[in-house]
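Taking it in order: structure first as structure tokens, then the write-up.
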Amino acid sequence: MSLRIYNTLSRALEAFSPIEPGHVRMYVCGMTVYDLCHLGHARSMVAFDVVQRWLRASGHRVTYVRNITDIDDKIIRRAVENGETIRSLTDRMIDALHQDADALGIERPTHEPRATEYVPQMLSMIGRLQDKGLAYQGTDGDVNFAVRKFPGYGKLSGKSLDELQAGERVAVQDGKQDPLDFVLWKSAKPAEPEEVKWASPWGVGRPGWHIECSAMGCEMLGESFDIHGGGADLQFPHHENEIAQSEGATGKPFSQVWMHNGFINVDNEKMSKSLGNFFTIRDVLKEYDAETVRFFVVRSHYRSPLNYSDVHLNDARGALKRLYTALSLVAPAEVAVDWNHPAAARFKAAMDEDFGTPEAVAVLFELAAEVNRSKSAETAGLLKALAGCLGLLQGDPQAFLQAGTSEMDAGAIEAQIAARAAAKAAKDWAEADRIRKALLEQGIVLKDSPAGTTWEAAAKG
């Protein structure tokens, strides 16, 4: 079975075949770096990290581009509020982004272009659009895209021009010929910092948001590439506008496949600052370990809405603990995955059907159950290898199981285990039981086996 991906453009599952055999070129819209990453960013980063991992596991070379928007109205406002330069703000937020991504086990993209480094390419694309009659300079000095002159506009969102409304980031201005037209080049405003002003054939100004991704995508991956991804909130207007700009300029299909990850809710409500349920990745990592957060994201399908709650995170922690418990029973063998193995074949079938991580995770639990029964190092090795395709179970099992025991350090716990062993050797069962109960009250669960006693953190809840 070959890989099939749900293509937002066709609204159907399609067999995937890269334009260049064996080489997948993928572009994903990254962060606008004016603040810390939030849960929505975590969802997108993990989703497309899994995509690129599976493409590589399937034998493809992957060129993965995830851009950074480092010039934007929000960035300008935040820098002015903070009394710092835009470069200072964006550098700081990019460092924070990398720290958060590293914590979640996100592999770095092949390229991470900053919009401000590709202004010449943006100017070139705007010029091509103007030459083709698809762009014009308004009376206010801005250069706009003439939406109604591009015949394919609306094909991604599936709406006619009459249905479409100007999107959240598309400000309707006096200089536009049509409310649906969107800005390609913003003329400079007197109060704006000098560091956001570039010379252009249309006067000093800065690029619009949409042209940034079109120019960077074409520059780094070519005028036609394989996969373009991002959150569902970007489908319109951002991705619709990217298609119009890119295909309007080049006359070629921009991306073969368009992928969109689902929204994230908090306790069944949309996450927003106004509702007081807005969480940064760092907020969440204060309460839960990073692999639990990653597992919480991975075990839902990337296109499904994801509901964040303490109940779901604690459940994810407990589920991940069961997998690590299996790996703690026997040292996993180093194995090269045999995709004809029944469990590996089921895992592959799940991932090849639009990156079906819920079904793939179910296979991991089947293997964990087999490890619990057989104590097979080869089965444990297969479990670890398949989980690695999802960026999971690569840590030390005992370290994971023992994490979160804040009141007692490991040395104190081991001392109590030794005291309990001495009590049992002396047949002082009451003392041995007292120590076990005292540790349990501290959140420590003891596990006796013929090989000795181990411990782990008790499940929260």
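Each Cβ is built from the backbone N, Cα and C atoms, and glycine gets one as well.
Model, not experiment: these values are computed from the prediction.
Among the features that Swiss-Prot reports, Zn(2+) binding site is placed at Cys29, Cys213, His238, Glu242, with the record citing sequence analysis. The 10 Å shell around the Cβ of Cys29 (Zn(2+) binding site) contains 25 further Cβ atoms across the protein chains shown.
If you take the C-beta of Lys273 (ATP binding site) and look for same-chain residues 6 or more apart in sequence within under 8 angstroms, you find none. According to Swiss-Prot, the feature ATP binding site maps to Lys273.
Cβ atoms under 8 Å from those of the motif ''HIGH' region' (31-41) belong to residues 68-70, 72, 74-75, 77-79, 89-90, 93-94, 96-97, 100-101, 231, 233, 263-264, 266, 271, 278-282, 284, 308 of the same chain, restricted to positions at least 6 beyond its ends. Positions annotated as motif ''HIGH' region' by Swiss-Prot: 31-41.
With DSSP states grouped into helix (H, G, I), strand (E, B) and coil, the motif ''KMSKS' region' (270-274) comes out at 0 helix, 1 strand, 4 coil. Sequence annotations record features per position, and here Swiss-Prot assigns motif ''KMSKS' region' to 270-274.
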TODO: Only counting partners 6 or more residues apart, tell me which same-chain residues put their Cβ under 8 Å from the Cβ of Glu242 (Zn(2+) binding site).
DONE: His210, Cys213, Ser214, Gly217, His228, Phe254
TODO: Please spell out the DSSP helix, strand and coil residue counts for the motif ''HIGH' region' (31-41).
DONE: 3 helix, 2 strand, 6 coil
Task: Largest tally of Cβ atoms lying within 10 Å of a Cβ, found at which of the binding-site residues Cys213, His238 - done: Cys213
